[in-house]
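**Student:** Provided herewith is a single structure, encoded as structure tokens, for subsequent inquiry.
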Amino acid sequence: VGFKAGVKDYKLTYYTPDYETKDTDILAAFRMTPQPGVPPEEAGAAVAAESSTGTWTTVWTDGLTSLDRYKGRCYHIEPVAGEENQYIAYVAYPLDLFEEGSVTNMFTSIVGNVFGFKALRALRLDDLRIPPAYSKTFQGPPHGIQVERDKLNKYGRPLLGCTIKPKLGLSAKNYGRAVYECLRGGLDFTKDDENVNSQPFMRWRDRFLFCAEAIYKAQPETGEIKGHYLNATAGTCEEMIKRAVFARELGVPIVMHDYLTGGFTANTSLAHYCRDNGLLLHIHRAMHAVIDRQKNHGIHFRVLAKALRMSGGDHIHSGTVVGKLEGERDITLGFVDLLRDDFIEKDRSRGIYFTQDWVSLPGVLPVASGGIHVWHMPALTEIFGDDSVLQFGGGTLGHPWGNAPGAVANRVALEACVQARNEGRDLAREGNEIIREPCKWSPELAAACEVWKEIKFEF
């Protein structure tokens, strides 16, 4: 075939409705809003081309490779019900296009260039199917849910956490004191805020030392294993690992990373270090809403969650369904299951476009955090189940009597909900009653119930 210069329609090469997807393909579901007058087939083909082998014009060097082997293919397009001029384009990518064990490379290919494309008004990556042939090239979470429970010796209930507030401005000593009080009161974990790194008012090394002191004081007093998510996020990967090494030397159980601002390369390095050195890894999703909040442009959080499970993390923030941050119940539970379970069936009502088989990749604990308090406990226990971390920042530290009583109130409320559920009671219907009963003998819980009885974040 002679080389023929010029510009030709993408759909001639990249729109292949009769393509049978392979088990090894990475599949993507894009929500496209084409510019007026651009047919959906051309738009879908353009997405497939620009995120794989294509460029805007025919090039001579195409003849030196096999496009059929390497090109992305738009294999199906369906209109979005109830939306004008919006379509779901399904694209299949051959596995050879991606470097093994690199979320960074996967995203650079699939979402790197195509979102600025002129033929599209908007584009959103709604879901990805990661084939086992690719997921097997990733270490994944350093430990996973079962190993974490075994390390902490905590079973049969959600774990309790608390973000230390005010997030910025405390000295290291006062910060450690707040950590101790929460852990002593009955929480399993306390947490550095995502923007606590190493600022002038509290350098990281001082914070690590005082938080370790708090842990080692609270553990013998409560007879429980405690942890504080020490945020190792830093300006360079080397500095981040240095902080993780110091945490390991202190003997603490868990460190933390902001995976989107820190970047997937840094996150994967840290996850490998954590597995090699027995540290749990808590992941915060700071910056996610910049990427995932728009309904028709960006990347849905379920894709960012899948990417995190591949890159590695033992906990990740995933919305609350009930607190101050946005999240719809079915959709949230869809990506919560994608984080925890081995095998998730396609279910469009939960936003899951593809059946996902993680094989043996460890699971991630979803963290519910943001504007939640004791009255939410029955709903949270019911929605998230045992394999979750419930994090009450203001809902602990805002207690009228202080941090430790705030922690007591949350632990009593949680234990009451778990017991009620195990006795077969209906948490959704009897939730308020289940919280009121222990108030009779727990003044801490009674005080918390009084303070937050009217608080709702309903918009």
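Placed from the backbone N, Cα and C atoms, the Cβ positions cover glycine too.
Remember, predicted model here, so these are calculated numbers, not experimental data.
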**Student:** Looking at the substrate binding annotation from Swiss-Prot, with ASN113, THR163, LYS167, ARG285, HIS317 already listed, which candidate in SER66, SER349, SER360, SER369 is the matching residue?
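**Tutor:** The candidate from SER66, SER349, SER360, SER369 that Swiss-Prot ties to substrate along with ASN113, THR163, LYS167, ARG285, HIS317 is SER369.
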**Student:** Taking the Cα of LYS165 (active site, proton acceptor) as the centre, which of the binding-site residues listed as ASN113, ASP193, HIS317 lie within 10 Å of it?
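**Tutor:** Near LYS165 (active site, proton acceptor) by Cα: ASP193.
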**Student:** Could you give the Cα-Cα distance between SER369 (substrate binding site) and HIS284 (active site, proton acceptor), in whole Å?
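**Tutor:** SER369 (substrate binding site) to HIS284 (active site, proton acceptor), Cα-Cα distance: 10 Å.
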**Student:** What are the non-local neighbours of HIS284 (active site, proton acceptor), defined as same-chain residues 6+ apart in sequence with CB under 8 A from its CB?
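**Tutor:** In sequence order, GLU194, ASN231, MET256, HIS257, ASP258, TYR259, ILE316, HIS317 meet the Cβ cut-off.
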**Student:** Cα-Cα, whole number of Å: LYS191 (Mg(2+) binding site) versus THR163 (substrate binding site)?
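**Tutor:** Approximately 5 Å lies between the Cα of LYS191 (Mg(2+) binding site) and that of THR163 (substrate binding site).
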**Student:** Using the recorded Mg(2+) site (LYS191, ASP193, GLU194) as reference, state which further residues of the same chain have their Cβ within 8 Å of the centre of those residues' Cβ atoms, listed in sequence order.
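**Tutor:** The answer, listed by sequence position, is THR163, ILE164, LYS167, ASP192, ASN195, VAL196, TYR229, ASN231, MET256, HIS284.
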